[in-house]
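The annotation ATP binding site is assigned in TrEMBL to G9, T10, M11, D12, C13, G14, K15, S16, D86, E87, A88, Q89. TrEMBL lists E87 with the feature active site, proton acceptor.
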Amino acid sequence: MPELVFFSGTMDCGKSTLALQIEHNRSARGLAGMIFTRDDRAGEGKLSSRLGLVTDAVEVEDGQDLYVYLVDHLSQGGRADYVIADEAQFLAPEQIDQLARVVDDLGLDVFAFGITTDFRSKLFPGSQRLVELADRIEVLQVEALCWCGARATHNARTIDGEMVVEGAQVVVGDVNQSAGEVGYEVLCRRHHRRRMTAASARAAALSPDVLPVPSS
Ligand SMILES: Nc1ncnc2c1ncn2[C@@H]1O[C@H](COP(=O)(O)OP(=O)(O)O)[C@@H](O)[C@H]1O
Ligand SMILES: Cc1cn([C@H]2C[C@H](O)[C@@H](COP(=O)(O)O)O2)c(=O)[nH]c1=O
């Protein structure tokens, strides 16, 4: 039975790498994938992993009907044996419904990859719809870690290493950004709740309040 599978995890946990591996294994067996993405850091029409792999993809536009796109592609003689959708958190809920229809009416597997929650730990609308509709949700096995060593479950947005909680839901960016740029850091829930990033934890550890007082 074809399935809609949602591979989810924090930023930087290997989602795009897995998408590229699925694509590689299937195309090595002569299957043809339709690869969708939206706002990948590598630029328009790209699906990229931090391991350096990249492939071409169809850049999804606002209001684009993904079911109709596939039907048009197939009826013009194109092939599609399965579908990959990376950065699926950026898709509109209607586009997730269209992907579910691709599974049910066209009989294709759809593998969607994305983060579930934003920097305020609120669901992205596309991810919410995936949680509602997916046949299966797979949490990635390679755990990203918080600076404290615990499993990272949340995504923080940072400016100069400090966590921010105001701003637009969508700001394309990366972990390990340079000074002054909007960046991201993955944290465990405890440290996300306390807004404690690696930089603020380091600063707190160096603060005179917590330095050991020499005994006289
Ligand atoms: N230099 C490296 N050596 C080994 N693994 C790396 C290296 N850089 C990144 N990675 C792996 O790649 C993962 C990020 O992969 P990526 O597919 O870009 O993540 P995502 O799509 O989830 O944001 C990291 O969690 C890490 O496991
Ligand atoms: C938390 C959060 C992330 N984003 C953006 C930042 C990146 O461009 C992508 C996630 O990419 P990855 O391949 O999973 O690393 O999402 C955002 O726009 N808003 C957020 O709150």
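Placed from the backbone N, Cα and C atoms, the Cβ positions cover glycine too.
A map of TrEMBL features onto the structure.
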residue	record	Cβ contacts under 8 Å, 6 or more apart
G9	ATP binding site	K15, I115, V139, L140, A144
M11	ATP binding site	I115, A144, N155, V175, Y184, V186
C13	ATP binding site	L140, V142, E143, A144, A152, V186
D86	ATP binding site	K15, S16, A19, I35, F36, T37, D40, L47, A57, F113, G114
E87	active site, proton acceptor	T37, R38, D39, D40, F113, G114
A88	ATP binding site	F6, I96, A112, F113, G114, G126, S127, L130
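Ligand 2 lies within reach of none of the binding-site residues G9, C13, D86, A88, judged by a C-beta closer than 6 angstroms to any of its atoms. Close to ligand 1, meaning a Cβ under 6 Å from one of its atoms, are these of the recorded positions M11, C13, K15, D86, E87, A88: M11, C13, K15. With G9, T10, M11, D12, C13, G14, K15, S16, D86, E87, A88, Q89 listed as the residues that bind ATP, the site has a largest C-alpha separation of 15 Å.
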